[in-house]
Amino acid sequence: MQENLRFASSGDDVKIWDASFLTLVDKFNPHTSPHGISSICWSSNNNFLVTASSSGDKIVVSSCKCKPVPLLELAEGQKQTCVDLNSTSMYLASGGLNNTVNIWDLKSKRLHRSLKDHKCEVTCVAYNWNDCYIASGSLSGEIILHSVTTNTSSTPFGHGSKQPIRHIKYSLFRKSLLGSVSDNGVVTLWDVNSQSSYHTFDSTHKAPASGICFSPVNELLFVTIGLDKRIILYDTSSKKLVKTLVADTPLTAVDFMPDGATLAIGSSRGKIYQYDLRMLKSPVKTISAHKTSVQCIAFQYSTSLTKASLSKGSSNKATAVNKRSVPVSSSSGAAQNSGIVREAPSPSIATVLPQPVTTALGKGSGAAQDEAGLARSKSTDIFSKETDAGKSQDFSSFDDTGKNSLGDMFSPIRDDAVVSKGGDESIGKGDGLDFLPQLNSVFPLRKNAGASSSLVLHSSPLNVLMGSSGKEENESHEPSAESKRAYLGKQEPKDAMKQFTKLISSGAEPGILNTCPSSNQARNLEKFEKPEKDIEAQLIHEPSVNGSSTTVPKAASSVTAGVASSLSEKIVDTLGNSRPGAPLTSVQIRFIQNMIQETLDDFREACHRDIVNLQVEMIKQFHIQLNEMHSLLERYSVNEGLVAEIERLREENKRLRAHF
């Protein structure tokens, strides 16, 4: 197995090149035809190369492990000029001058089947993604789908004899999408399920189109070339031309490198151009490859991706990355859309160029496709601006604001981990949040479960609002044994209230309430008022985002103190009036703790709502200021005098050009 990725080109002979450095590795010619070699394809393990000549003298399978050595010769004298291997490299499809499509069994070295549905010369053949169908195009302008499993052929479809088919190719992602180019320069995308045109690009090439190739990593991108020297990139989703380049010579062959970032294009003058999609103005490298025109270019399959996919057990077939994607399973008689393509696992296409593609796995026949039978795409064009899919539509008006500025400068609330409470509640009480109707669902406030010594951390909405990825911090304090017991024994306030009322009204049993000195009762009350003070202190001195302590205004502090003192008096009065001198039971203790916790939670929610409202209002004002600044800059950046002077100079230049 070769270490470096290679590609083969054919013209007057076959040459194997190092794809990275574009240096010649080997050259050979297993054919005796003076007309050159018209078609080549690699086996899935990159060890063998299949070639066919323009005269159709024979098909040769050569070993390319070390030096190229011809191993097998097929179809001698049968005029086969185009070839394609299936994904297992066990069967070979060929077509040629005798109007037939042949399927060869390479293991037995015999003709497996011969299909005689074409009326004219077959110019190209291609296996589909699961090897169930073979598509073939001919000079009569017809495309026919041959079912390998049922041994039947479809009704011919195409644009007629005025558009002879020169090249066809299946999309690697949209399994039912087939592309074709013809002699009149028309590029057509076909839906093979309905055998109808998905879209036709008329007059894109001013001369015969000679090649088409789909990107192995971008499900939207494909490329065509032609004898008009044009390289045209298309978007299958918007059905538009993305970019057009003009080369120096007529172009005859094209193929994508498996990484999807590099194009190798052959010309009629024997040159091979290497283009980088990230800088398409001119070729990165140019080499003189053949004495005649370059008739075919074929990259090897990515061996690293093949090994990775096989190690995961995703498929029993060898992975053909830049050819087709092998499904996990497929029924032999399934229709061509029986497996859906996994959506591209990588990011959107704007970031996809340097990354290799992973093997797309079929998921079975239940996958959803669009009305034309094509899997819907979530990615964007390779040249498009990357979209932020994680941004909520409600906040789309804030895209221009700074990413981290507001969240770090103005938020006194923690922007890190949240200590959640069992059965947490959302802040559904905020009436002042008309600007963000979904704010309560997007940023739910979570509360502590009852461990009074634990920090209560809140999630600030600002970093989410601005699309930032806030640094997560995990701060947790070990609750004391009393807090743990209180947490385990905690009940809902209503249940605790019922039990407490029942005990008070009916009187406690002798085994439950034991008389103790009044000092014990005072000690217990002091003991359970202490967590309340701790929480109050924690609320006042809650750490801010940057780690420094931010103090809540004194008004909030006084309100907190007033709430706590009134609550304490109410609890003491209630317990003292009910049974003077009796110690607190566990139910009473839980009830008190729940009352304190609920009161503090309500107060905390109110504070949080006020702060969020303030933050939202600040963001609105900043956005208004931003729009005002943009409008003022646009208004005053244009100097009328300079514009008039420029127009005067333009007129003078035109006059001078006309006279001199």
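Glycine is treated like the rest: Cβ placed from N, Cα and C.
From a predicted model like this one, the values you see are computed outputs, not experimental measurements.
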**Q.** Residue from SER33, SER411 to which Swiss-Prot assigns phosphoserine
**A.** SER411
Q) Which candidate in SER9, SER53, SER379, SER565 appears in Swiss-Prot with the annotation phosphoserine? A) SER379
Q: Can you see whether DSSP assigns SER637 (phosphoserine) to helix, strand or coil?
A: coil
Q) Which chain-mates of SER637 (phosphoserine) that are at least 6 residues away have a CB under 8 A from its CB, listed by sequence? A) none
Q | DSSP helix/strand/coil residue counts for the repeat 'WD 4' (117-156) | A | 0 helix, 20 strand, 20 coil
Q) Which stretch, 75-114, 160-200, 246-285, tops the Cβ pairs under 8 Å count with the repeat 'WD 1' (1-31)? A) 246-285
Q: Count the residues of the repeat 'WD 3' (75-114) that DSSP assigns to helix (H, G, I), to strand (E, B) and to coil, and report the three numbers in that order.
A: 0 helix, 22 strand, 18 coil
**Q.** Helix-strand-coil residue split for the repeat 'WD 1' (1-31), DSSP-based
**A.** 0 helix, 16 strand, 15 coil
Q | Residues of the repeat 'WD 6' (204-244) by DSSP state, where helix covers H, G and I | A | 0 helix, 23 strand, 18 coil
